[in-house]
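This report concerns only the one structure given below.
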Amino acid sequence: MTTVIYPGTFDPITNGHMDIIQRSAVLFSKVIVAVAKNPSKQPLFNLAERVELVQLSVVHLDNVEVIGFDDLLANVVKARQIDAIIRGVRTTMDFEYESQLAHLNRLLTNGVESLFLPPTEQWSYVSSTIVRDIFLHQGDVSRLVPAAVLRALEKRAK
């Protein structure tokens, strides 16, 4: 059984994230989506809300588990005996940054590899930052996020 972890802040989870999760769920026995509390970011949704939104978005995927965490990713990887770390990469800038993290995580986890998955073309431009920006400027994000996220955003706008 191969267990992978897909960490991120997911603020909010987008259809680009869902693309990576769904494809990972086909490739691996178990996928843990790890929603991070990042003190250096000011989130639109708090950690508990983000965990719930991811859970609602992946409910149809039997081999996907969602957790929240505020620890070093390497500690979570070791504690849960994770086989690999999944990272989505859209651009060469993403790849350079993620390569650095992959080297550090390999060192801190005694060899756990990071696997890079590019999103399918239709989601290559989507990011949580872009979704938040469009939403905060009253734009339509309905085609960019799962239904649960759209409902939460609409509720937040009222």
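Yeah, the Cβs are placed from backbone N, Cα and C, and that goes for glycine too.
As written in Swiss-Prot, here are the features:
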type    : residues                                                                                               : note
BINDING : Thr9, Lys41, Leu73, Arg87                                                                              : substrate binding site
BINDING : Thr9, Phe10, His17, Gly88, Val89, Arg90, Glu98, Trp123, Ser124, Tyr125, Val126, Ser127, Ser128, Thr129 : ATP binding site
SITE    : His17                                                                                                  : site 'Transition state stabilizer'
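Taking Lys41, Leu73, Arg87 as the binding-site residues under consideration, the smallest Cα distance to His17 (ATP binding site) is found for Arg87. Local packing around the Cβ, expressed as the count of other Cβ atoms within 10 angstroms, is greatest for Ser128 among the binding-site residues Thr9, Ser124, Ser128. Glu98 (ATP binding site) and Lys41 (substrate binding site) are 18 Å apart (CA-CA, integer value). Just so you know, of the binding-site residues His17, Lys41, Arg87, the Cβ with the fewest other Cβ atoms around it within 10 Å is the one at Lys41. Ranked by Cα separation from Leu73 (substrate binding site), the binding-site residues Glu98, Ser124, Ser128 are led by Glu98.
Of all Cα pairs drawn from Thr9, Phe10, His17, Gly88, Val89, Arg90, Glu98, Trp123, Ser124, Tyr125, Val126, Ser127, Ser128, Thr129, which the record names as binding ATP, the longest spans 18 Å. Here the Cβ of Glu98 (ATP binding site) has 17 other Cβ atoms within 10 Å, regardless of which shown protein chain they belong to. Between Val126 (ATP binding site) and Thr9 (substrate binding site), the C-alpha separation comes to 15 Å. Sequence-distant contacts of Val89 (ATP binding site), defined as residues of its own chain at least six apart whose C-beta falls under 8 angstroms from its C-beta, comprise Phe95, Glu98, Phe116, Leu117, Pro118. Taking all protein chains in view, 20 other C-beta atoms sit within 10 angstroms of the C-beta of Leu73 (substrate binding site).
Annotation note: His17 (ATP binding site) sits in a helical segment as assigned by DSSP.
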